[in-house]
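S.K.: Got a structure for you, questions after.
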């Protein structure tokens, strides 16, 4: 079989480059080796301000909620905001780690034409989802910040925050309260960008396994640029060289995925702990909200969709990494290994045995990052919902 000698290269996607530029522009990330005093001050300001914003929502739950569905609504916001606070801090203080992983994982080459086109289509579909997800997030945040306060005859805010001034009667205090909620929503969007970056790293880990499987499948096959016949010994040497490169690439890829797992494992564990509760609470508020509060209902719909999307994306991509890694073993024995000398086949068999266990990511050394975990969390959310539903009867 003749294969193309052209190396197809993946680069960090333009959407991710735009997100990186945005993080530099708003001083979440610093330029240069070390942050200046001003840049360090901005980082601390973002962390402390968002923590105070979350604290004001928590106090609002305690002092302002009059009904069960109001308490559950605001409590869901608090839980989500706490997770987002952790994401924001990781995004701010792990800048070097994130940028290094983006460059090491997002830039690579694939030799197999068919594999490259399949990976490219998957990447296009992924970024269509990311763009839709970002637009929905920005629109919801803008609606909650700038539209909700002016709907209806009475002044209102999207979140029941504890505010020191009487914003219901004083115009200046009302403007300050709007600024508070809008900046909190703004930092929420920034924190969500960390999720998108993690998704990007995970999908490229999966695609790199796909690329490795494609390269292993065509190991030892001559390219279009090779003219004339090659001696059998030369062909064996080409196969052996390709096999060595695949072994090195596989070891490097496992190391990179371990680094991604180390970066994201704690936040994934936190999400697994709270996602079921948030999904249950959002569903309960949507099902039993008798206040006819359309604003809360729309925000509940977004929170329900957000929690499902977050949970589904990380478990789906983790599951895809596991499946892609398992295909490398099959691809190895789809190559022309049987035409190689016995000394080479010995390495093929050893490498094949090493590839047999699929690469499964674990969260907190307890939960496999697979779709089965997604189903279990949804089932737990449904069970909690049935318990709450029983209290209504």
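Every residue, even glycine, has its Cβ placed from backbone N, Cα and C.
Automatic prediction, not curation, is the source of TrEMBL annotations.
So TrEMBL lists these for the protein:
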TRANSMEM  42-63  transmembrane segment
TRANSMEM  75-93  transmembrane segment
TRANSMEM  125-151  transmembrane segment
TRANSMEM  172-202  transmembrane segment
TRANSMEM  267-287  transmembrane segment
TRANSMEM  299-318  transmembrane segment
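In terms of burial and nearby residues, how do these features look in this structure?
M.R.: Residues 23, 28-29, 43, 46-47, 50-51, 53-54, 57-58, 61, 159, 184, 187-188, 190-195, 197, 263, 266-267, 270-271, 274, 277-278, 281-282, 285, 300, 303, 306-307 of the same chain lie 6 or more positions beyond the ends of the transmembrane segment (75-93) yet place their CB under 8 Å from a CB of it.
Long-range contacts of the transmembrane segment (125-151) within its own chain (CB-CB distance under 8 A, at least 6 residues past either end) are made by residues 13, 15, 157-159, 174, 177-178, 181-182, 185-186, 188-189, 192, 196, 199, 203, 295, 298-299, 302, 305-306, 309.
Counting residues 6+ beyond its ends, the transmembrane segment (172-202) has Cβ neighbours under 8 Å at 13, 16, 19, 22-23, 26, 28, 46, 49-50, 53, 56, 81, 84-85, 87-88, 90-91, 98, 101-102, 105-106, 126, 130, 133-134, 137-138, 141-142, 144-146, 149, 155, 157-159, 161, 163, 165-166, 260, 263-264, 267, 310, 313-314, 317-318, 320-321 in the same chain.
Outside the transmembrane segment (299-318), and at least 6 residues removed from its termini, the chain residues within Cβ reach (under 8 Å) are 73, 76-77, 80, 133, 136-137, 140, 144, 158, 195, 198-199, 202-203, 206, 264, 268, 271-272, 275, 278-279, 282-283, 285-286, 289, 360-361, 368-371, 373-374, 377.
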S.K.: State the non-local partners of the transmembrane segment (42-63) in its own chain: residues 6+ outside its ends, Cβ under 8 Å from one of its Cβ atoms.
M.R.: 27-28, 30, 35, 71, 74-75, 77-78, 81-82, 84-85, 88-89, 92-93, 159-163, 180, 183-184, 187, 190-191
